[in-house]
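Record features (TrEMBL):
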BINDING   9-16, 22-23, 61, 88-91, 99, 115-116, 183-184  substrate binding site
ACT_SITE  10  active site, tele-phosphohistidine intermediate
ACT_SITE  88  active site, proton donor/acceptor
SITE      182  site 'Transition state stabilizer'
Ligand SMILES: O=C(O)[C@@H](CO)OP(=O)(O)O
């Protein structure tokens, strides 16, 4: 018997469209992003994949994507579980900065270290910044867990406890599980599932609004390495566009 997991990165956000580092800043979807979310739901229906439960972050772009795609699949009524542990990687002092300008200012090597290295976080964001979440009521209970910056390694460390405590039990109970989250929080999960090395994960990009299906065995290992995008051609083109951001 296999377990069914569908990963969905949110549709295009306002700051994806503006090419700004986003992280924990709570931006909305663009009209294109909303359409991507609806299409994601239609792809689920077309593949006969009807989620029984959805897990999302505490961020609007993932919450709205989950709602729009489930609405399109007539599954708007399923239970929802939300956790900050599914949030996008905190981008530290880069939050709110233009990707192209950052690339020009710091050069290709530093830019890619901050964007895709496994263990180099950007400089921390000051609590007084307009892009800080230090005073955001939804994170009031986090205490010392509230990040001021994160690298992918940090995201894995805060995501995996939730994977084990909340998502794996839903999968083991036979539910079809939808995880609606973010480019880098989903990269953290895919790295774990596919056991991708710290070096190779730098080359993996998750496109917006494209459902990615994993069938998992009893050990929660993928039966198909890398999973299967429901629309593989569109997903490949969209992933290449993510890789090229800033250029
Ligand atoms: O800005 C961000 O938070 C992320 C996702 O949009 O960007 P990147 O793909 O550069 O990690």
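Don't overthink the numbers, they just go from 1 along the chain as shown.
A Cβ is built for glycine as well, from the same backbone N, Cα and C atoms used for every other residue.
As the structure is a computational prediction, the values presented were derived from the model and not from experiment.
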Candidates near ligand 1 among the recorded positions 9, 10, 12, judged by a Cβ under 6 angstroms: none
Fewest Cβ neighbours within 10 Å, where candidates are the recorded positions 9, 10, 89, 99, 182: 99
Chain-internal residues, separated by at least six, CB under 8 A from residue 12 (substrate binding site): 29, 30, 32, 33, 36, 208, 209
Assigned element (helix, strand, coil) containing residue 9 (substrate binding site), judged by DSSP: strand
Assigned element (helix, strand, coil) containing residue 23 (substrate binding site), judged by DSSP: coil
Neighbouring C-beta atoms (10 Å sphere around the C-beta of residue 183 (substrate binding site)): 20
